[in-house]
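Engineer: If you look up TrEMBL, you'll see A:19-237 marked as domain 'MacB-like periplasmic core'. Per TrEMBL, domain 'ABC3 transporter permease C-terminal' is recorded for A:278-387. Annotated transmembrane segment per TrEMBL: A:21-47, A:272-297, A:318-345, A:357-379, in sequence order.
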Ligand SMILES: Nc1ncnc2c1ncn2[C@@H]1O[C@H](COP(=O)(O)OP(=O)(O)OP(=O)(O)O)[C@@H](O)[C@H]1O
Ligand SMILES: [Mg+2]
């Protein structure tokens, strides 16, 4: 048994380059399976995460610049949507203005904030955001258009690093704002950091940044996730009336359900994961063919040696064992290195996606690599072991 | 005591137009402790006969008794045991395992016999000393001369203390000095009681044997009896 192992090791060592390349092939196959599946799983997890971050009963109404440039969305539109009679399934409606990539300065540090949002205090609840420290702005802040701001987790750490941001001063487009609160992080989604944002009172933002044109959005929450369709219909009816729209196809607004959009996206990610896994499986298969090929060459090249061993009284089992051990060692070695490399690579961010290692895929890839060695190495070994000694000795 | 007893042995290679009738009814007996030389023209069937004696090949027809046991009906696993315990084979082309030291080569039959490592090493060293090559134990085949390789191969053939030592032109690839060394080893083995059957083309080599068997066209034509 120990001897079989020693013969196998000696066999592998006899042709280090070839053994090394075969190991490399398997290693790449196994590593690819682990990394690609982890990336796919990571992407799916990110999408699922952003769905729950948004809340499942959220609808957004946005202006749609129609051909005849319809009416803009107004605060009055938002108020009209909260109507227990006309829209029994709508819980809240919050007007929102958004300004992208606003530069914000804190003493020497300047950061570009991805989304600078003007809204009412209800915005935070509607978007499932929680305050990590400090507090939200108040309706008084809103009424008096005070220059106060709540920062997203990323923005806060960009500007204040580890310092406490609450109570600090920042310059937004050169105008001083007081930070009143910092939000809890929602986590990366892979499609833009949702924590790179700031929220200030609607009136303030309209004053300073966006002016008093139309709203960017009205955020509507339905009473529950089950009545989304009804709420959507009610909103459409009310706004069509207010904007005087007869043909729904030519509406100047659009009601969308971000959860649905994300759900579609998550289906797309799943397809993407399957594709990645298929590519990886193919590379593992190619690695397996590599082992078979090498074992065939190794066995053929050493048929004379097999003949000598048989002439000295080696039973078929010992010959088979030696070559099977060689093939399995190659498979296990490549598999082990592949797992190590795959896990190491899965620790990195890959194009904005944090890979999530899927342990079944690790086990499967490793198992397959060992099995590949056993099965594909077994065939040529079996053939060699069955030869009559004299046939093997005559071979050249 | 009879070591080898074969009767009515035939060997046919291939089929159809490539069919070769290499042995055509061979009868032969070798006593224990005998030293027999097999001679004959090239292609007469000498190697075919010796390979069957060494259980490396199976006869097409006929009976082969080794130490009184009929072996022509043995299974492959019984044959490998037989090759390991009772037969030592020396080839014209040495056939040492490449990249493996002389000591490990000589150890190999004992590995397959399942002997413990320490015991194995001692036996292998003793065998190397016996053929006068103990000082080359850690050399690999490429680091040895032809004569040295052949002596390692002989040590490997006798390390299991087999009943029968078979050699197919063991001096065929050696110069006269190395041949003399190798033949001296065979002489000593025979004096120590081993049964030896050796194929050779040279009369002076055959002169070392007690008896010469001549093969012609797949039949034994002289020296049948002991
Ligand atoms: N594997 C084989 N397949 C077909 N024919 C074979 C095979 N081995 C040997 N023969 C034929 O059998 C005959 C006897 O061969 P063998 O090797 O026994 O001769 P030999 O007496 O040992 O000759 P040499 O002195 O040249 O070694 C030859 O005609 C040879 O061509
Ligand atoms: Mg011959």
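Positions of Cβ are set from backbone N, Cα and C atoms, glycine also.
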Engineer: Go through the chain and flag residues at least 6 beyond the ends of the transmembrane segment (A:318-345) whose CB is under 8 A from any CB in it; none is fine as an answer.
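Structural biologist: Result: 4-5, 7-9, 11-12, 19, 22-35, 38, 287, 291, 294-295, 298-299, 306, 309-310, 355, 357, 362, 365-366, 369-374, 376-378, 380-382, 384-385.
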Engineer: Within the same chain, where does the transmembrane segment (A:272-297) have neighbours whose Cβ lies under 8 angstroms from its own Cβ atoms, ignoring anything closer than 6 residues to its ends? I mean 6 or more beyond.
Structural biologist: 18-19, 21-22, 25-30, 32-33, 35-37, 39-41, 43-44, 323, 326-327, 330-331, 334, 361, 365, 368-369, 372-373, 376-377, 379-381
Engineer: Give me the DSSP three-state residue breakdown of the domain 'ABC3 transporter permease C-terminal' (A:278-387), ordered helix, strand, coil.
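Structural biologist: The breakdown for the domain 'ABC3 transporter permease C-terminal' (A:278-387) reads 92 helix, 2 strand, 16 coil.
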Engineer: Can you give the mean pLDDT for the domain 'ABC3 transporter permease C-terminal' (A:278-387), rounded to a whole number?
Structural biologist: 84
